[in-house]
Structure formats: structure tokens, C-alpha cells
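Annotated features in Swiss-Prot:
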type: SIGNAL; residues: 1-16; note: signal peptide
type: DISULFID; residues: Cys133-Cys174; note: disulfide bond
type: ACT_SITE; residues: Cys136; note: active site
type: CARBOHYD; residues: Asn158; note: N-linked glycosylation site
type: DISULFID; residues: Cys167-Cys207; note: disulfide bond
type: DISULFID; residues: Cys262-Cys310; note: disulfide bond
type: ACT_SITE; residues: His269; note: active site
type: ACT_SITE; residues: Asn289; note: active site
Amino acid sequence: MNKILFYLFVYGVVNSAAYDLLKAPNYFEEFVHRFNKDYGSEVEKLRRFKIFQHNLNEIINKNQNDSAKYEINKFSDLSKDETIAKYTGLSLPIQTQNFCKVIVLDQPPGKGPLEFDWRRLNKVTSVKNQGMCGACWAFATLASLESQFAIKHNQLINLSEQQMIDCDFVDAGCNGGLLHTAFEAIIKMGGVQLESDYPYEADNNNCRMNSNKFLVQVKDCYRYITVYEEKLKDLLRLVGPIPMAIDAADIVNYKQGIIKYCFNSGLNHAVLLVGYGVENNIPYWTFKNTWGTDWGEDGFFRVQQNINACGMRNELASTAVIY
């Protein structure tokens, strides 16, 4: 088999939803080639295979029971704990108080459209990849500000997550942070630069921000305690995409479709709510993630509405108003 045919074969098998657990060794070798894995020793490779096999079994079970589809992907040789530790970054707060105004979403929702998506209005920037840096909090907050800027100025921009990692001393850089405290930090810093002026490094570094290059400034911030999940529809249409906290453990191997089974064993990841809709009579929310476009639905994922999917109904959703 020539090299081109080999990789076409690998791509087709690894991306198939009809997995067979008995073929786990074959899938694993294909996975190793596709993602250029080098484990350093046979002992470590065997350890990774056992984790891979466990994840494959879970993928098969989910594909049999959920309306969404799951696949072998770049995280499939990592345990859930490893993935959460390396690729998320939401820090659970000791206390949630800061100077962002608290709003309780405890009123029934108003009447609105059955479907709405800020992407269709070209107000959502491209999906980014946080890599092995626990800065989801920075990506989600800045993604919302990028959308705020697009709504206000009809221009898509990319803001600097690295500035947040290096210069936000309220949060902890690649070691984690929170959404409302990130907005607080931006207010204290005075603004945020463009990513092109302060490129992403996926690591903690010294603060090098230049206030003369601030493009976006925050004047107010809000934190929401979600009682009625449906009320998020009104809020989304009113204020723009919303950074939210979730438990990402059940979305790691997600490929496509509407997730019905996503539980909350502890909030650990920040994502951006960008829309909602209905498919096959199932109402869903659409989120933008920060794991690259090679994950999920081109970097986005959908969950069923009104089941507190992934623990999304909590008190950590936050937004900000820009000048």
C-alpha cells in the first residue's frame, strides 16, 4: 500500500463511527500514525493503548445511546483527567464576588424566534486552539469581546489571549482562571491588544502589553445566575455571544450532532454560547470551543436544551460591555 492510500485508509477508519472494540490494536496503530505519536518506550505505549482502549469502549457505548456521534480523535490516548488538566482551565472559585454586577435569570423567557445564531450574522470570529495551556477562560472572554466589537463596528478582529495570560494578575494564566474575573482584569488593565500585536505562545510569560495598542476597552461587566435555562435565549439575542462554564468531560471525543448525555461532575471549561435551534424536533444550544477546527463540528458543538447539559446552568456565565 503506497503512502497516500495508507493515509486515506487511516483517515477513513479512524473517523468511522462504526467501531469494533476487537479492532482496538489496529485503530491504535492508525491513531499513532495519524497524530504522529511518539511515546518514548514500549511501556508507555502499552499504557497509552490501555487508555485508548478504554476511551474506544466509551465512544462505542455513546454512539449506541446518544443522538450525537463520537470518534477517535487527538485526545483518545489521554485519560479524561489528563485532558481536563491540559486542555481546559476553568478554576472553581473559592468565592465568586467581584465588581461585575450580578443578574439572576429567574424570569420566564419572552417570545422569540425558534432559531438564532450569531454566526449567520458574521459576528463570531474563527475557532482558535488553546493547546496545552489552561486558558479557556481567556479564550472565551475574548471571543465574546470580539463578537461585541463585530456587533458594534461590523468588523471581525482577533484579540490577544497571551496578554490575558501574562498580564491578568487576578487569574492564573495557563494554570486557570474565571470569566467574570477576566473581565475585571481587563477593566483594571485598561484594554486588550490585537493578537497580531501580542501573539499566542500557550505558556506563561512576562507581561509585555502596550496600552498604546489597546483596541477594545471594557466599561461594565455582568455575571449571571441561571435559573431558567430558556432565558438564555433572550440574553443571547440581546447582548451577543455569552461565555459560559461547563464540565467538558463528556465532550472530549465528540464529532457531531446534538449531545443528550453530558453530565456535570464539576465545572472545568469555558466555552462561548453563540446560538440555538431545533433539529429533528430536538432543541439545542450551539457553543464555540477552543480545541481547533479539527474537533467537533468545525470547532463547535451542540447540546440539548433544558437538561442542564454539561452543567451549563450555573452562576459563572458572564458578559461585558465595550466602549
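Just so you know, glycine gets a Cβ as well, placed from its N, Cα and C.
Here the features listed in Swiss-Prot are painted onto the structure.
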residue : record                      : Cβ contacts under 8 Å, 6 or more apart
Cys133  : disulfide bond              : Gly89, Ile165, Gly173, Cys174, Ala202, Asp203
Cys136  : active site                 : Thr88, Gly89, Leu90, Gln130, His269, Ala270, Val271, Thr290
Asn158  : N-linked glycosylation site : Thr125, Ser126, Lys128, Glu146, Leu194, Glu195, Ser196
Cys167  : disulfide bond              : Ala185, Met189, Cys207, Met209
Cys262  : disulfide bond              : Ile246, Asp247, Asp250, Ile251, Val303, Ala309, Cys310
Asn289  : active site                 : Val127, Ile251, Val271, Trp295, Gly296, Gly299, Phe300, Phe301
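Highest Cβ count within 10 Å among the disulfide-bonded residues Cys174, Cys207: Cys174.
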